[in-house]
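Participant: Below you'll find the structure I mean.
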């Protein structure tokens, strides 16, 4: 293992691809509303389509996530990182060309298929790459830095979106997505030379599961893609795994539901537009970057991952509740500033999981999270 020094090219790839993906977020709500409900501040169809897209992405991920994990064990992380980076380019190019209604529907279909085909597996592959490169004692900091790099790209993307026109926004996003793909293919070294990893996610040999075994390494292995029965066996063998999976599932469910409708809600209630969306996202991103790059490496040795996780979950609950009763336009800005500690949840859960299971079983963890 090389430690943090071997992750530079991964961080660059994550920053550039994240920048290209985030820069379109403030604009996509206005583009969707203009294409589906021109001249209106409320559009139920946009919310329904957004929810359907998330549901289909989840269904596709149920199949693709463990498959991508298995293939990355056999052929290396770098080879499989090419898939999410490639499929993320096509939807951006469509809206860079035109944002008329027919092109929006083409974007919607392609974006949904891309999400089903594994677009969202980049984060999971990046976590596994970090776990391959970094020894156990430094993984928490590494996960925090990785999340911080993602937050930094989030800040940069929203800041750029604040000053770019909608048309130029999608053109820049397309170029950056292509640059990230090319840079990764040229400079990123595979986590294991030869592309064959030490411990595949889905082993060729099946081992029995002892329900009474509470050892932190008692995790099931499978001959093929995991079934529901396989997952139940894994959950029985590893209490920590099951607890981490449940916490992450419910947190992701809440965050996903909030983000699917939040921007449409703010547009309908307070008539926010692209610039206000960019401001909110930028405030959130700055806080997340500072928290994960500077605060988390300091706080983890002092108070531990469990307390950080509890703090993040509590702040997330408070934010969702206050959004539901927001009474004036400054409330979303205040909540964006107060959400700095909510970003501790994902890195903390990732560390707790990797500390008790093989690093490549991160894929099975996300598979369980989606299947629930």
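Even glycines carry a Cβ here, placed using N, Cα and C.
TrEMBL: automatically predicted annotations, no manual curation.
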Participant: Name the residue range among 222-243, 244-265 that TrEMBL annotates as transmembrane segment.
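Facilitator: Of 222-243, 244-265, TrEMBL gives transmembrane segment for 244-265.
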Participant: TrEMBL lists transmembrane segment for one of the ranges 7-25, 26-44; which is that range?
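Facilitator: TrEMBL lists transmembrane segment for residues 7-25.
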Participant: Counting only pairs at least 6 apart in sequence, do the transmembrane segment (7-25) and the transmembrane segment (244-265) share 3+ Cβ pairs under 8 Å?
Facilitator: no
Participant: Any contact between the transmembrane segment (312-336) and the transmembrane segment (244-265), i.e. 3 or more CB pairs below 8 Å with pairs at least 6 residues apart?
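Facilitator: They do touch: at least three Cβ pairs between the two stretches lie under 8 Å.
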Participant: Run the contact check on the transmembrane segment (80-98) against the transmembrane segment (244-265): 3 or more C-beta pairs under 8 Å, excluding pairs closer than 6 in sequence.
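Facilitator: No, these stretches are not in contact.
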Participant: If you count every Cβ pair below 8 Å, which range out of 45-68, 142-164, 244-265, 277-300 shares the most with the transmembrane segment (104-130)?
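Facilitator: Maximum Cβ contact count belongs to 45-68.
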Participant: Establish whether the number of Cβ pairs under 8 Å between the transmembrane segment (45-68) and the transmembrane segment (277-300) reaches at least three, counting only pairs separated by 6 or more residues.
Facilitator: no
